[in-house]
């Protein structure tokens, strides 16, 4: 009986995803609901807002390992919770 219980515990541990995987929004629009599971090592969600270009306002969302620096006429927001880059 102990062997069966130990086997069940081991199978459960192997089958569970013990690591936490961040999910972020990834669409290039102002309002977004497309969710993406970030890769291992990507622990931040980012949202980049480009202002004043010829195409109007543009958004870029996704996952990142580090928070990028904003370039001129750009706003960058980084966060570390699921879907926090809305």
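Backbone N, Cα and C define each Cβ position, glycine as well.
Here Swiss-Prot flags 24-45, 27-32, 38-63, 67-78, 79-84 as disulfide bond. Among the features that Swiss-Prot reports, signal peptide is placed at 1-21, with the record citing experimental evidence.
Of all Cβ atoms in the protein chains displayed, 14 besides its own lie within 10 Å of the Cβ of residue 67 (disulfide bond).
Reported as a whole number, the C-alpha separation between residue 63 (disulfide bond) and residue 32 (disulfide bond) equals 14 Å. A 10 Å radius around the C-alpha of residue 24 (disulfide bond) takes in these disulfide-bonded residues out of 38, 67, 78, 84, in sequence order: 38, 84. Nearest to residue 45 (disulfide bond) in space, judged by Cα atoms and limited to the disulfide-bonded residues 27, 32, 84, is 84. Within 10 Å of the Cα of residue 78 (disulfide bond), the following disulfide-bonded residues from the list 27, 32, 38, 84 place their own Cα: 84. Nearest Cα neighbour of residue 67 (disulfide bond) among the listed disulfide-bonded residues (32, 79, 84): 79. Straight-line distance linking the Cα atoms of residue 38 (disulfide bond) and residue 84 (disulfide bond), rounded to a whole number, equals 13 Å. Over all protein chains present, the Cβ of residue 78 (disulfide bond) has 16 other Cβ atoms lying within 10 Å.
The 10 Å shell around the Cβ of residue 79 (disulfide bond) contains 16 further Cβ atoms across the protein chains shown. Within the same chain, residues at least six positions away from residue 27 (disulfide bond) with a Cβ under 8 Å of its Cβ are 33, 34, 59, 61.
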